[in-house]
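Asker: This is the structure, below, for whatever I ask next.
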Amino acid sequence: MLSAVLFVAACAATAVAQTITLQAESATLSGVIVGTAVAGFTGSGYVEGFDESTDSIKFTADITTAGLYDLSIVYNGPYGDKYTYIVANGAGSQISLPATTEWKTVSAGQVLLTAGKNALEIQSNWGWYLVDAITLSPSAPRGPHKVTTKPVNKKANADAKALLKYLGSIYGKHILSGQQDQASLDWVTTNVGKTPAILGLDFMDYTESRTSRGASSTDVDKAIAFAAKGGIITFAWHWGAPVGLYDNETEPWWSGFYTRATDFNIVDALADTKNANYTLLIKDIDTIAVQLKKLQNAKVPVLFRPLHEAEGGWFWWGAHGPEPAKKLYRIVYERLTTHHGINNLIWVWNSVAKDWYPGSDVVDIVSADTYSQGDHGPVSATYNNLLALTNDTKIIAAAEIGSVMEPALLKAYQADWVYFCVWSGDFISGGQWNSLSFLKEVYNDEYVLTLDEIQGWKGGKA
Ligand SMILES: *[C@@H]1O[C@H](CO)[C@@H](O)[C@H](O)[C@H]1NC(C)=O
Ligand SMILES: *[C@@H]1O[C@H](CO)[C@@H](O)[C@H](O)[C@H]1NC(C)=O
Ligand SMILES: *[C@@H]1O[C@H](CO)[C@@H](O)[C@H](O)[C@H]1NC(C)=O
């Protein structure tokens, strides 16, 4: 019934592309069945029985006009919060289906459709939900980006300003290639034949709970050397809890950034500034400030991504919800900028959820980490969530990825990630996440910028 209304409205508005609704009960079903017991569905029934990983609904969408379409799913979720997985013409994405005992419509992102028959498949994933129908309507064209390219830190130095300005100049036109870890970057140079534009490094092995147990790092020296070759630097910080590491057989000290490896409690530590553990956090920040000063003195701006993946909860800084994580982020920001005068940073926030966003006054770039083995899709649902997070006021980056996005899909979906950074080791060189031939295609694509192509970016010459 709703579908008929939409159909007529869309036809009246434009003769070019139409909105269509496809009933689940009329699609090709594998391992699932048609139900009618839960009232309120459209058409002659709905589909239920997603209880095996191989269960699926295969739709065929016959489309007159090729292009990008908004996909939505009409579902019911009586068994709690679930996820489904949608594959449209080969590109997949995971879609959250929050618990509901009513029929609800949820946005499932955008799908690229060709004129003629298109295959859309709902795969079980978590299973245990009911599907009534899917709707496809032509995506409204997106206007130009409104992002700011002025650093949030009023005292940002010329190097930091130049970096954000450069990122703004390529945003939506190109993507910068990036690689975590010097050894993995060298692997790309040797095997792919091109050098990434960005080198990803880590402050992990500079703080005391790790150096006191034998860790050491040369990542800052590597950063200075790579910047001297004209490259761009990003630093994450797998911040080992300063105290309270279990340091036993199952949770060794070197995994001390994980929630499961420490009883360090961020809420208690931040309760007041006199707390001994608050002091230890500040001491760690001061330790990193020494390293950042070296980079600042060497005129190396840094895409700095502290407290990453906070919303996942698997790191101690995210283990007690958004409020303490945001508070700590602001402490890091204040301590480094105001107290230490570190002005070479571009501040990269790394969570998608609204609750976790520390605020537009302390964030230059928003980003996400996304891993889906062998899936070279554009991760457009996540990109669009990040667009919505800041109302398109901040540049968006794919700060960590497993499988690299296919450039043609990035363009088709307008998923304008400004850079990607592939994680180290097997993610880049193991062949399972990215084949060597695919990497060669990506690295030679005109949309993808490599070290040789960004020379002179600081002076605006690139
Ligand atoms: C390590 O410590 C944690 C926390 O006390 C504990 O749960 C775990 O069982 C310990 N592992 C070993 C091997 O003792
Ligand atoms: C600091 O954290 C450690 C590790 O969780 C804990 O054992 C200790 O009691 C904390 N100290 C204070 C003063 O809260
Ligand atoms: C985005 O816009 C919405 C609605 O106008 C507003 O509530 C929200 O605070 C804005 N977010 C940011 C980060 O500016």
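Cβ coordinates are placed from backbone N, Cα and C, and glycine is handled just like the others.
For reference, TrEMBL lists these features for the protein:
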SIGNAL    1-17  signal peptide
DOMAIN    20-137  domain 'CBM6'
DOMAIN    158-452  domain 'GH26'
ACT_SITE  Glu309  active site, proton donor
DOMAIN    311-326  domain 'Rhodanese'
ACT_SITE  Glu400  active site, nucleophile
Asker: Please report the three-state DSSP label of the residue listed as 'active site, nucleophile'.
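Answerer: SS state of the residue listed as 'active site, nucleophile' = strand.
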Asker: For a quick check of packing: other C-beta atoms within 10 Å of the C-beta of Glu400 (active site, nucleophile), how many?
Answerer: 25
Asker: Calculate the distance in Å between the alpha carbons (Cα) of the residue listed as 'active site, proton donor' and Glu400 (active site, nucleophile), and round it to a whole number.
Answerer: 10
Asker: I'd like the Cβ neighbour count for Glu309 (active site, proton donor), meaning other Cβ atoms within 10 Å of its Cβ, all protein chains included.
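Answerer: Excluding its own Cβ, Glu309 (active site, proton donor) sees 18 Cβ atoms within 10 Å.
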Asker: Which residue counts does DSSP yield for the domain 'Rhodanese' (311-326) in the helix, strand and coil classes, in that order?
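Answerer: The domain 'Rhodanese' (311-326) comes out at 10 helix, 1 strand, 5 coil.
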